[in-house]
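Encoded as structure tokens, here's the structure I'll be asking about.
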Amino acid sequence: MSYSATLVRRAAAVLALTVAAGALAACGNSASSTSPAAGAAPNADRAAAAPGVGPSVNLDECGKQTRTVKHDLGTTTITGNPTRVVALEYSFVDALVAVGMSPIGVADDNEPKRIIPALHEKVGPYKSVGLRATPNIQVITALKPDLIVADSGRHKAIYAQLSKIAPTIAYASLNGNYQQVLDSEMSTAIALNKCDQMKQRLTEHAKTMSDLKAEATPGESRKALFVRASEKGFTGFPPKAYTPGVLSAIGIGSALPDSGTDASVSLTLETLVSTKPDIMFIAPNDGPTLRDTWAKNQLWKQLPAVKNNATYDVDPNEWSRSRGLIASEVVAQEAVKLLYGK
Amino acid sequence: MTLSVGTVPQPTEDATHKRPKIVTNKQRVTWATLVLLVVIVAGVLWGLSIGSQHIPLSRVPGAIFRADQPDQMIIQSIRMPRVVLALCVGAALAVAGALMQAVAANPLAAPEIMGVNAGAAFVVVLAITVVPSLSGAPTILLSFGGAAAAGVSVMLLAGSGRGRVSPVRLALAGVTASSLLISLTQVLIIFDENSADSVLFWLVGGVNFAGWPDVRNLLPWMIVGLAGAFAMARPLNLLALGDDMARGLGQNIERTRLFGSALVIMLCGAAVSVAGPVAFIGLIVPHIMRRVVGSSYTVLLPLCALGGAVLVLYADIVSRYVKPPYEVPAGVITALIGAPIFVYLARRQKVTAS
Amino acid sequence: MTSTAIVAQRVRSTTLAQRHPRLLMGSLGVLAVLLSFYSLSVGATDVSMADVLKAIVGDTTDQAAQIVVQFQLPRVLLAWLVGIALAISGGVMQGVIRNPLAAPDVVGVTKGAGFAGMLLLLAIPGIPVAAVVPAAFVGGLVAAALVYLLAYRRGATPIRIALVGIAVSAAFEAGIRFLLVRNPLDVSAALIWLTGSLFGRSMSSVLEILPWVAVLVPLIIVWARKLDVLGLGDDLAAGLGEPVERTRRTLLLFAVALAAAAVAVSGTIGFIGLIAPHMARRVFGGRHLALLPAAGLFGVLLMLFADMLGRGIAPPLEIPAGLITAVVGGPYFLYLLVKTGR
């Protein structure tokens, strides 16, 4: 029957792709390991072309009719210009907006307000496809997308199914850091065939960030801590995480030490005291949080950040949940405004 | 709480001698008490001296009374409440476990087995995720509600009101109710990813975030609970003789069970609301103590309080060494100790037809 | 007296269902098939029964039919297989352990499989998702073996198996909690798997569980009469020439393997293994030759219902089937306790 025939064909295609991907990966490795010099020249070019983007993004695919896009869960071939895109994380909405597009479907947790204002006004009407953790595959199918952008951690288990619906690329958003987020924006743009727009946007981004950095006090030595406060916890983000990465791009260092593979660490008041943050950006959950209790403590009042009046409440949607190019500018701008009043 | 035997002319003396089950060795009790107290004092000093800030032991005693320097303040406002809370939570959960075993006449009855902790935890998580504006004092009441609903239904349904229930029946009932509550709690976390990490941390149970307000929230309930439990020691001893004999001795067993259950819920609900469902304390401490000092509740209950305090205190200390400078909840450690003991207890249960 | 006669004497046969078991069993089967068809059409998008029928006869030209074939059909098939596996496994365990409250959760299978799966999902981030299934399966078997060994003291009496099973489950549960605390950012995917859901499952999951059900269920049905004999008690069964310990061990192994396979593909869906056999016993009586197939059908009905409700109740959100079985099964279980307590 037609179904089983398609199944066989798909299986063959997937197999071929996997083999091809394996071969590609092998080639890539050998090329980079044997002749590092060869890679140097294009890298210099690319810095001009797409500032801030790491070497893992293959800019050579830009502008081709059929593009092979590398992503965290494999390699996907995309033909033509996708217009019906489903974004399964806020990061990817950010990427679409950055190149002047709008998604047709978003895994927005059924809470449209979580799409931050900077994006919201540029996002047209879209259909919610449910929770980011469990996007509704049926709804995605019904939207007839021609590209799906998924999170490489959350959506690993349903990647095969998503690929059946449309070409699917997957990048780290939930666990992604600032660099990975910028890379994924560029890769998404390659998939969308909007390289030039994204390169231009990245150039603007680099300028925005360096302008903001210039606004900061030269040689800023204060260390900042970004935390999420909830009723039962106080979660700090180490320097490798996204938000501290954004802050360090504008010259604000992290108060937490590098802690290996941890994406976040649970802080007690004592660890907080020993961290000695000069600045604290606190993204509180709704309702009372542990911070309210701690704020009454004498030791809290002795934290450098509290003493210097440098604790700021920030919006968790903007500072933590939306990891992207535009969102990072929002964070950087707000940080500069809060810290330097500019 | 005067639940003593009232109308009985010469109550316990004879009864205790008739049944060799209730034995108390005075010397062992004295020694056990002394050892536990020394261990507690040592643990308190240890607990006060370690943490992410290095503070030499020599500065600890002074800091208990003065708080001028930052390190003294750390001891006074972070480590002291933490140590005190660990002691209180341990005592409350262990005494609740012993009470529950007496009330249910069942060696495997314990707050965590009977779904009491899971019930309290579910309601607290429900409050955090669904109605975040509820907090503070109401949490403790909600926690009571959850603990009561889960515990009472398991106990009533497993039939503890109708005399002795087989341990296996009670354990099965409790474990099933717990798994229902745990699965509900998990779904709440899935749908509210915001607080997932912190709620999961809390669900393991520990005193990492303790402050004096937590101690203040717990203390009144704990004092009433413990005092009530100690006052009930004699009726509980009679209850241990079996329903018929206890009734024959003029004991109002229904009332004893009712008060006992209420105390269990008060102790567990309060402890869980401040420290999360710290695992296995209520199950293993009474068993160990019974081994050491025998099964008279007059001495067993106070010693359980000491033993539980020791267990949680040391679990909390060890938990600070697992992943410095950050911490894991103490519940991880108590589970590590408790689970094998639970397996051992289950293994040596006398096999009677259910 | 032959064993059959004794069994017949012990097992009351008064209900209508026992006089016409085939008729009733047949109608249950028809009900399950009808519910399956209906379930194919339930979801976040409009799929009519006509589309379902079209898809079934192999016409997958339009999109609704594709949704049915690609996404709904595997879930419905999986609901059948998981329902049968859990329910029959529960039925066998209740028979062997001779306790109406026994279930796969009780002998440690569920938590063991859950722990192994979580260990893989959380501790080894790069692991392919496909590896979770065999790992969970092995975890379930290992946990059950551990329970049996620990419960073995000159034979493993049913009660000791149950008690040790609860204790071992508690140990694994503690392990699961520890893993969840150590890896806070990856938890959402792991939690969904842990709660038990058919979300995002495809034909490959069906193929993973199918061989186990296809081989073990007939074997168990053939041995159904041995369960009746075991139900008479160890002494009487031994007197009737049944090698009690060996039979018990073999049957338990079958039941454990079935449950482990089910948990491995669908996560820890609770209560089906507990309540489906009860429903069957109430309707068809205690004879296992009728009880087990009937339990299987009840299991299928429960799974279909839970998955269908999960998809249809609040689209595009997906409610995990495990939550619905818990919400339905919990109260039924309490009712059972009250009833059997008298």
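Quick reminder: no glycine exception, Cβ is built from N, Cα and C everywhere.
Annotations per TrEMBL:
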type	residues	note
TRANSMEM	C:21-40	transmembrane segment
TRANSMEM	C:77-97	transmembrane segment
TRANSMEM	C:133-152	transmembrane segment
TRANSMEM	C:159-179	transmembrane segment
TRANSMEM	C:209-225	transmembrane segment
TRANSMEM	C:251-277	transmembrane segment
TRANSMEM	C:289-313	transmembrane segment
TRANSMEM	C:319-338	transmembrane segment
Let me spell it out: take the transmembrane segment (C:77-97), skip the flanking residues so only those 6+ beyond its ends count, and list any with a Cβ under 8 Å from a Cβ in it.
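For the transmembrane segment (C:77-97), the far contacts come to 32, 36, 39, 103-104, 106-107, 109, 158-159, 161-162, 198, 201, 205-206, 209-210, 212-213, 217, 220, 227-228, 230-231, 248, 251-252, 254-256, 258-259, 261-262, 265-266, 269, 272-274, 276-277, 280, 288, 291-292, 295-296, 298-304, 306-307, 321.
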Establish whether the number of Cβ pairs under 8 Å between the transmembrane segment (C:133-152) and the transmembrane segment (C:289-313) reaches at least three, counting only pairs separated by 6 or more residues.
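As far as Cβ distances go (cut-off 8 Å, pairs 6 or more apart), the transmembrane segment (C:133-152) and the transmembrane segment (C:289-313) do not touch.
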Any residues 6+ beyond the ends of the transmembrane segment (C:159-179) with a Cβ under 8 Å from its own?
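Same-chain residues near the transmembrane segment (C:159-179) but 6 or more away: 97, 99, 101-102, 105-108, 110-112, 114-115, 118-119, 122-123, 143, 146-148, 150-151, 153, 190, 194, 252.
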Using a threshold of three or more Cβ pairs below 8 Å, and leaving out pairs closer than 6 in sequence, do the transmembrane segment (C:319-338) and the transmembrane segment (C:251-277) count as in contact?
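Answer yes: the transmembrane segment (C:251-277) meets the transmembrane segment (C:319-338) with 3 or more Cβ pairs below 8 Å.
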